[in-house]
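What follows is a set of notes on a single structure, which appears directly below.
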Amino acid sequence: MKKHNFGAGPCILPQDVFKKASDAVLDFNGLSILEVSHRSKDYEAVMHEARELVKKALNISDDYEVLYLQGGATLGFTIAALNMMRSTKKAGYINTGTWASGAIKEAKKVGVDVNVFGSSEDKNFSYIPKNLVVPTDADYIHFTSNNTIFGTQFKEFPKTDLPLVCDMSSDIFSKEVNVSDFDLIYAGAQKNLGPAGATLYIVKKDVLGKSTSAFMPSYLDLKQHADKDSMYNTPPVFSVYVAMLNLQDLLANGGVPKMALKNQAKAKLIYSEIDSNPLFKGSAAVEDRSEMNVNFLLTNDALKDEFDAAWKAAGIIGLNGHRSVGGYRASMYNALELDSVQVLVDVMNDFSKKHG
Ligand code: PMP
């Protein structure tokens, strides 16, 4: 039986994408996709299409470069800071959780004077800070659009005239975004894009080659990658191939606008259950709740073992909350179907009937 995968990432992708990816492991124009040279014509076409489809899916203009690198969003923290550093060497960051804190830490390491002008650390990152005064004397502003661990998501992005940088690892392609509001977006592939191994960068061409950092290893310089059509060195070949398949699938099925409706429907279904079922409560502020990662707790901890047994018996996996938060986290990335959310909701509902 195929499991209902609520894991936070790497995560579920469409079944058809898994099928095509596995076909290509055995036969990609007579070779395996795993043995093909990244300099071959066939693979160059894959890289080209994987970049173009990102532009198509998010309506990105030719003012931007789309790049696939390695190193995960974790290296993205450093790459963002190094590439966006300008004359002030200052930057404004919003601290909304573990990953935002990581971005702050790495920016400091490469010499950015970080001004954390908003934080929700006082309440264990259970909300998105509001009414912030965004600094004006900085090279750029950085935030994390969706907080994978704490289950909060920005519904409105910070307003600034400064270059805006965003870690969109866990909600990119889940809803429409106006890419032209950003100078740099980065995202690990392993949620809504493809398998782990590739990291997506969407960078305004204007940004490239303008860093004031004295320290700039070639690999971390986005200009080097852009100049070489994202083939500066061996790219994460298979991960990019599967990202291409997944983007083809997304676009063939109504694209990001259709996906956004599906994600809204899933979120509505599970949050309504959490709010109406006395055995459960949400842990994130209601207005900041994430559509991708739904955090909730049992109101009676004594029922934990029994509840865990119930969802496991229904074929659900990956529901345990992150170790820093506890409770449960239902990650509902693009490929998770409404039917799988219904299975979880039915388990919760039956559980409350039994204990009500
Ligand atoms: N940022 C966010 C929002 C994440 O969810 C994650 C990982 N889940 C990271 C950064 C770190 O990504 P990686 O493991 O790809 O380095």
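Cβ coordinates are placed from backbone N, Cα and C, and glycine is handled just like the others.
Annotated features, as they stand in TrEMBL:
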type    : residues                                                    : note
DOMAIN  : 5-343                                                       : domain 'Aminotransferase class V'
BINDING : Arg39                                                       : L-glutamate binding site
BINDING : Ala73, Thr74, Trp99, Thr148, Asp167, Gln190, Asn233, Thr234 : pyridoxal 5'-phosphate binding site
MOD_RES : Lys191                                                      : N6-(pyridoxal phosphate)lysine
(request) Would you report the average pLDDT that the model assigns to the domain 'Aminotransferase class V' (5-343)? (result) 98
(request) Please go through the recorded positions Arg39, Ala73, Trp99, Asp167, Lys191, Thr234 one by one and keep those whose C-beta falls under 6 A from any atom of ligand 1; give the result in sequence order. (result) Ala73, Trp99, Asp167
(request) Inside 10 Å of the Cβ of Asp167 (pyridoxal 5'-phosphate binding site), count up the other Cβ atoms and send me the figure. (result) 27
(message) Need the DSSP three-state call for Trp99 (pyridoxal 5'-phosphate binding site) to compare against my parser.
(response) helix
(message) Just to confirm: which same-chain residues, 6+ apart in sequence, have a Cβ under 8 Å from the Cβ of Gln190 (pyridoxal 5'-phosphate binding site)?
(response) Gly9, Pro10, Cys11, Ala196, Gly197
(request) Take the C-alpha atoms of Trp99 (pyridoxal 5'-phosphate binding site) and Arg39 (L-glutamate binding site) and report the distance between them in angstrom, rounded. (result) 34
(message) Using a 10 Å cut-off on Cβ-Cβ distances across all protein chains shown, tell me which of the binding-site residues (Thr148, Thr234) has the largest neighbour count.
(response) Thr148
(message) Please give me the CB contact count at 10 A for Lys191 (N6-(pyridoxal phosphate)lysine), counting all chains in the structure.
(response) 30
(request) Reduce the DSSP letter at Gln190 (pyridoxal 5'-phosphate binding site) to three states and note it down. (result) coil
(request) Measuring Cα to Cα, tell me the gap between Ala73 (pyridoxal 5'-phosphate binding site) and Lys191 (N6-(pyridoxal phosphate)lysine) in whole angstrom. (result) 12
(request) Just name the winner among Thr74, Asn233 (the binding-site residues) by count of other CB atoms within 10 A of its CB. (result) Thr74
